[in-house]
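First comes the structure, then the notes that go with it.
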Amino acid sequence: MSYDALLWLSFGGPEGPEDVRPFLENVTRGRGVPPERLDEVEQHYQHFGGVSPINQLNRDAIKAVTAELDRQGVRLPVYFGNRNWHPMVEDTVARMAADGVRRALVFPTSAYGGYSACRQYDEDIARARASVGPDAPDLVKLRHFFDHPLFVAAFADGVRAAVATLPEQARQDWRLVFTAHSIPLAADAAAGPPEQGGNLYSRQVTEAARLVAAELGVDAYDVVWQSRSGPPQVPWLEPDIVDHLDALHEAGVTAVVVCPVGFVSDHLEVVWDLDTEARDRAAELGMAFARSATPNNDPRFAELVVELVREQTDGAQARALSTFPLIGCTANGALCATGCCEQPRRPAPAAEA
Ligand SMILES: CC1=C(CCC(=O)O)c2cc3nc(cc4[nH]c(cc5[nH]c(cc1n2)c(C)c5CCC(=O)O)c(CCC(=O)O)c4C)C(CCC(=O)O)=C3C
Ligand SMILES: [Fe+2]
């Protein structure tokens, strides 16, 4: 099949102090996130001058992918659009239509399934096309890549480099801890095509962790969660990374390497929740701590994206290290399967006092 552009579709983040509140309102509209949680997260962003690293990281990655497409002789202009902040995907798709793009591939900046990581990007695609109207290009989203050998290898090398930054006496005996964004248990239960039994998000994260650990030859490691949101009465995936550091300390662990396998770049939830909160807790506990790199700036990430593109444009072989079904590739916002990644019903708001 032939395509005339690639759309880089991401989450978006604020680029100055005045952007933070409206950005957070876009992210959480209709999601039942309590205002106290929003105030807290606003402070995390303001701590960095109201600028999330995510937009610049995406621009850097787009530059690398553009160069890699060029190197491989694939002629596709790359456009950039976000769900929650400028450049908004609706505006980008309008520009694509105006430029005469009829049919484009879409790279979502998430490797996983689940409502937030997969289906919500399909909704973004459908919403953007609807807002542009009949001239909107066809948009075909690329598949999940959590088990792609280039993704796994980039994380494994990141862990090796992180170990080298530990104090010398810690380098022989450290605990490997993988993290990903927590989601509500009900959302995880509903993740994936229903006939695959649910929990697709946590199962894919666990599989990616297993593959990275296997590449490193490490057989004892943990998979934990971070950045929990939502109302406190709703159960989310646990344990949280910070609580887990306490448990490891109790168990006598003196050094940890944290690998954020759930993310592709060092965006705010990595630089705050891991590099600030988790690192501070480790310091309080007297544990050596290193956080390994995400793949965004690794040349293999650009190669991975181009390989996913070529699966669609010239039938390149789909490489995957696990036996999970290859899914996530759908057109114009279609679901991966009927009933896939259904968004759980939100709890009724707490009664007013
Ligand atoms: C699975 C998952 C990923 C990974 C997949 C992917 O990458 O897409 C992810 C990524 C990200 N999450 C991000 C930021 C936020 N996520 C929030 C809230 C939430 N995330 C959720 C899940 C996920 N989130 C969920 C279930 C919520 C509750 C509200 C809801 O049901 O939707 C909130 C609201 C405030 C709060 O934290 O409570 C913010 C600000 C940023 C940008 C960081 C930056 O600016 O650099 C990124 C890349
Ligand atoms: Fe899905």
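Glycine too: its Cβ is placed from the backbone N, Cα and C atoms.
Residues or ranges marked as Fe-coproporphyrin III binding site in TrEMBL: Ser52, Tyr121. As annotated by TrEMBL, Fe(2+) binding site applies to His181, Glu269.
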Practice task
Report, in whole Å, the straight Cα-to-Cα distance of Tyr121 (Fe-coproporphyrin III binding site) from Glu269 (Fe(2+) binding site).
Solution key: 19
Fill in the blank from the handout: Ser52 (Fe-coproporphyrin III binding site) to His181 (Fe(2+) binding site), Cα to Cα, whole Å, comes out at 17
Handout entry: Distance from Tyr121 (Fe-coproporphyrin III binding site) back to His181 (Fe(2+) binding site), taken between C-alpha atoms, in Å
Key = 16
Problem - Secondary-structure category, per DSSP, in which Ser52 (Fe-coproporphyrin III binding site) falls - result: coil
Practice task
Sort Glu269 (Fe(2+) binding site) into helix, strand or coil using the DSSP assignment.
Solution key: helix
